[in-house]
Structures are given as C-alpha cells and as structure tokens.
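This report refers to the structure that appears directly beneath it.
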Ligand SMILES: Nc1ncnc2c1ncn2[C@@H]1O[C@H](COP(=O)(O)OP(=O)(O)OP(=O)(O)O)[C@@H](O)[C@H]1O
Ligand SMILES: [Mg+2]
C-alpha cells in the first residue's frame with residue numbers, strides 16, 4: 001500500500017530488468033542526455049546542489065521522493081524526483097531508465113516536461129517542470145468547495161488526458177499506470193499533464209509478453225486481472241474510463257483490495273462477461289467456470305452524475321473485449337463530445353519529436369490517426 005491507502009502497482013521488479021553497470025552510469029547518462037536534447041548537469045554533487053535548491057517533499061512514490069525545488073539560474077520552480085541508485089552498485093534502476101527514455105523523447109502539451117537529469121554518487125535526480133498538484137489532490141481540494149466537479153472541467157481534463165495518451169500511444173508506448181496521482185494539474189491554465197512513466201513500455205507488433213502486474217488495482221483492466229500478458233494500449237483506455245467516473249462521482253467505482261475482489265466488482269457493475277460480450281473470455285489464463293454470473297447494473301447506478309453522452313462514451317471505453325474497446329483517437333472524435341476542447345493545433349502541427357518517434361504508430365487499437373482525423377462541424381454537446 002502507498003501513503004494514499006491504495007495498493008501500489010509496483011509490487012515486484014518489473015519485467016524488463018535492465019540495469020546499467022556502475023561504470024556505465026555516468027557515461028550513459030551523459031550520452032542519454034545528449035541524445036534527448038537535455039541540459040545534463042555535470043555528475044558531481046557539488047554543482048547540482050548549487051543549481052537546484054530543494055524546498056520540500058511533495059510526493060513519495062514507490063521508487064523515490066519528489067521534492068519541490070528551484071533552479072537557481074532561472075528562479076524557475078521545478079519538481080525533482082530523487083531515486084536511490086542500487087546500493088549494491090548495480091546501477092540505474094530500470095524503472096528510472098524507462099521513465100527518462102520515454103519522457104525525454106516526448107514533446108506534448110499534455111505530457112509532463114522533463115528538464116534535466118543529474119546522477120550523483122548514491123542517487124539520481126530527474127528534474128521536471130513543476131505543476132501545482134496532481135489530479136487526486138485537485139479533486140480533493142475542489143471537494144472542500146463543491147460536492148461535484150463541474151462537468152465542463154471534467155470534459156476538459158478528459159479531453160486533455162485523451163490527447164496526451166493518444167500521443168503516447170502513437171509513439172508505440174503504453175503508459176501502464178494511469179491514475180489520478182500520475183496526472184498533474186496546472187490550475188491557473190486548467191491544463192493537465194500525464195506524468196510518471198516509470199512503468200511505461202514500448203510495445204511491438206506482434207505483441208511481446210509483459211507482466212500483468214501493472215496499473216494500480218483500482219484502475220486495472222479486466223484482461224490484466226485475468227492474467228493476459230499480451231496487451232495493448234487499450235488497457236490505458238480502461239484506466240482512463242475509471243478515472244472519468246471517479247471525476248464525475250467523486251468516488252472510484254472500483255476500490256478493491258485484491259485481484260479477485262477487483263474482478264468481482266467489475267463483473268457486478270458491468271455484468272459477468274460471456275461469449276457474446278467477450279468471445280475470448282473463457283480463454284483467459286485465470287478464467288474460472290465458477291465465476292458468479294452477475295447481470296449488469298444500470299448506468300444510472302454505476303455513474304448517477306454522468307450525462308447521457310458521457311454514458312455512451314463510457315460504454316465504449318469499458319468494453320470487455322480489449323480488441324473492441326475504443327481507442328483514444330476514436331474517443332476524441334466521439335460525436336463532437338470534445339469539439340469545444342480539442343486543441344486543433346495538436347492535430348495540424350507536423351511531427352516535432354526529435355527522434356521522429358511518432359512516425360510509425362503501431363497500435364492495433366489505433367486504426368485512426370489523430371492528426372488525420374477531421375471533426376464534423378456539428379453542435380458540441
Ligand atoms: N512535476 C511535478 N509537479 C508537481 N508535483 C509532482 C510532479 N511530479 C510528481 N509530483 C507529485 O509527486 C507524486 C509522486 O510522483 P510520481 O508519481 O512521478 O512518483 P512515483 O515514485 O513514480 O510514484 P508512485 O510509484 O506512487 O506512482 C505525484 O503523485 C505528485 O503528487
Ligand atoms: Mg506515481
């Protein structure tokens with residue numbers, strides 16, 4: 001469990017397990033920074049202590065502590081994630097390497113910007129742009145003033161999260177840990193940005209096996225709970241749908257404390273899957289004939305504050321069969337639901353990613369290219 005009482009998604013060492021050898025660390029970081037176009041401070045403790053003044057701790061995650069700090073050169077506020085290097089001298093943790101590699105190559109308004117990387121003797125610091133708070137904190141703060149978030153705010157945030165995820169997916173990366181604590185909010189500008197890429201993975205076609213123990217239990221897709229190791233971007237869409245309901249209801253629809261309870265809660269709400277709703281259900285690794293057969297609840301029961309169009313969208317995002325689940329691109333075009341909030345510039349801009357990372361989207365669930373999609377000019381809902 002983490003400090004917020006939610007089970008952590010990182011219960012065992014991840015599936016990639018790459019660790020740089022000690023002698024490779026500093027050289028690696030410099031090469032990595034150069035490749036990623038980052039500033040990289042010289043890897044000596046004295047210089048980075050002078051440049052970055054840490055003020056206080058703003059978050060504590062499974063793999064490190066996040067501080068608020070100031071870049072004394074520009075007086076810019078930054079967030080600094082500090083991760084211990086492996087005490088037995090085994091090098092950079094693979095989670096850290098993953099976060100740096102993915103974030104360093106991404107450039108999108110709805111993805112947190114990584115600014116710098118520092119490796120000292122015992123720890124490593126990743127420097128990010130600072131945002132006011134995460135989405136969980138934002139919702140908790142707002143709940144002191146109002147009972148429910150205004151629907152327009154929710155729609156705006158959902159649209160931005162979909163745009164961020166769509167970009168991530170078009171880079172052939174699955175985030176794998178979508179939850180309110182990993183989405184950051186710029187309150188003044190009402191912009192949300194996806195962060196924490198510690199569990200993100202590049203995926204390939206044909207799919208490679210990956211660990212299914214990802215995504216905090218509350219937001220975990222049923223195929224992961226049922227043991228699939230071949231999964232795609234659609235798992236992120238499921239997590240986002242659960243977050244969507246949580247924003248509307250001020251309550252997470254599923255708050256299980258173990259995997260079987262998580263499955264039961266989903267089945268109780270959406271109905272136990274069958275050969276019609278999920279043809280591959282019985283082939284899932286942890287399928288059990290004895291699963292209780294629940295009928296689906298009404299959507300008014302599942303999400304009483306969701307307007308009709310939001311329910312229609314949720315139905316598409318929470319489809320059991322991952323291959324039939326709506327993609328982020330498709331959701332963004334859903335019946336002009338997001339028309340007023342979509343950032344048209346992101347759709348028209350040429351690809352600016354330094355590595356050309358976006359040129360070849362591989363997702364089997366992203367048949368529609370976001371940049372090429374045209375919205376039809378009918379009324380916004
Ligand atoms: N750039 C930032 N600006 C403001 N706050 C941040 C920023 N980055 C992280 N935080 C805060 O720190 C918390 C932990 O950060 P993050 O999720 O990146 O770390 P983590 O170690 O991977 O956490 P966990 O394993 O619990 O998911 C976030 O939930 C958020 O509250
Ligand atoms: Mg996190």
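Every residue gets a Cβ built from N, Cα and C, even glycine.
The structure displayed is predicted, hence computed values, not measured ones.
Annotated features in TrEMBL:
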{"type": "BINDING", "residues": "81", "note": "ATP binding site"}
{"type": "DOMAIN", "residues": "52-338", "note": "domain 'Protein kinase'"}
{"type": "REGION", "residues": "1-25", "note": "region 'Disordered'"}
{"type": "REGION", "residues": "349-381", "note": "region 'Disordered'"}
Checklist entry - Helix, strand or coil at the residue listed as 'ATP binding site', per DSSP? => result strand
Item to check | Within the predicted model, mean pLDDT of the domain 'Protein kinase' (52-338) | outcome: 90
